[in-house]
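Feature annotations, reproduced from Swiss-Prot:
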ACT_SITE  SER102  active site, phosphoserine intermediate
BINDING   SER102, ASP239, ASP241, ASP243  Mg(2+) binding site
MOD_RES   SER102  phosphoserine
Amino acid sequence: MGRLFGTDGVRGVANRELTAELALALGAAAARQLASGSAPGRRVAVIGRDPRASGEMLEAAVIAGLTSQGVDALRVGVLPTPAVAYLTGAYDADFGVMISASHNPMPDNGIKIFGPGGHKLDDGTEDRIEALVGDAGPRPVGAGIGRVIDAEDAADRYLRHLSKASTLRLDGLTVVVDCAHGAASAVAPRAYRAAGARVIAINADPNGLNINDNCGSTHLDSLRAAVVAHRADLGLAHDGDADRCLAVDADGNLVDGDHIMVVLALAMREAGELASDTLVTTVMSNLGLHLAMRSAGITVRTTGVGDRYVVEELRAGDFSLGGEQSGHIVMPALGSTGDGIVTGLRLMTRMAQTGSPLSDLASAMQTLPQVLINVTVADKATAATAPSVQTAVGQAAAELGDTGRILLRPSGTEPMIRVMVEAPEKDIAQRLATRVAEAVSAAR
């Protein structure tokens, strides 16, 4: 069996790859690894979930694993992933667990684990947890068994935390927020209204089955239409667990994570809040971001794909802003992981501060045409390293020279290779990406 942990926890189709038995074993293993060195007294883990149908089943299984190892489960209910990360620190818990598959379709689910303070685990800690899966070890009895506690104040605590993200009132701004029928549904509209914005919420009625269904950050058509119809100043789209945020301007044009990072980096540098005048992003960020930051005198640090690697670089360099093109934006002063609602509040704060429409702010970066093709493969390692694929990549890179770039990346959560090409013209990017994707497909 391959490694359980991917780039963002353990994922799979609920009740197929991600079974209740596996969830119980992961809960027990996490308890043994992360709570073993705790100070004397009750050991506590925060646990939350998004609203997809399988969440309650997996939550019950994880709780069984936690409590079987003597760890109390502090249940916060349906809340965003960044809320669980924040509350892990706020409640001074030993660790936290979030049950969500983020932007993935409803049949999928996942288990993310946060260490003390709400930080994502490093690879070594994940490996040690994985080694304990299926090895229950000694189990407590009687009063030593963990208890289940409902955290009634969890949502209010998180909302108070969110209020720190907006440093001035947002009165006069109208925003459409797409909650993806996910974990943001109950809290994002409240947070934006509390900051003063006029809020029109769409796709905010989760029933367990409709999460991410033609809505949210991966399907922007309904958001674009609503922004134009309501003559809103902007639209914000969250995914199923609200750890990411994408935006559209008043005309419905996409403002992706790269543009959001540029807007926030310039704002933070102006305020003296951009530590070391440095932005941290991943290899997937558009070359246009690098050019915009270079012209502004801002250094860009690049990491592998995944917000956990962005966070690791932020912590290592004591930097203050990082993120991904997909809309995971991390500001350590406001949270230990990406928070889509914090991002939305900061973006609107910049609009209110400058009086500028989002389209003007986003124009600080010019996007180079980019083509991304996902190729399903049986073996990611074999397909990516096949000689025919390497030849195709080399030929494409030679043709681009320094006018663009090509990136071949195995997905961390799905059986596919992502082929990304940026070029001066869209047709060039499409032609080269298609050529490389065909080579990958033939080698799979």
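Even glycines carry a Cβ here, placed using N, Cα and C.
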Three-state secondary structure, which DSSP defines for ASP239 (Mg(2+) binding site): coil
Densest Cβ neighbourhood among ASP239, ASP243 (binding-site residues), 10 Å radius: ASP243
Cα distance (Å, whole number) from the residue listed as 'active site, phosphoserine intermediate' to ASP241 (Mg(2+) binding site): 5
Environment of SER102, ASP239, ASP241, ASP243, the listed Mg(2+) site - residues of the same chain whose CB lies within 8 A of the CB centroid: ASP50, PRO80, THR81, SER100, HIS103, GLY182, ALA183, HIS238, GLY240, ALA242, ARG244, GLY340
Proximal but sequence-remote residues of the same chain as SER102 (active site, phosphoserine intermediate) (Cβ under 8 Å, at least 6 apart): ASP8, THR81, GLY110, ASP239, GLY240, ASP241, ASP243, ARG244
Protein Cβ atoms within 10 Å of ASP241 (Mg(2+) binding site), excluding its own: 35
Structural state of the residue listed as 'active site, phosphoserine intermediate', classified by DSSP into three states: coil
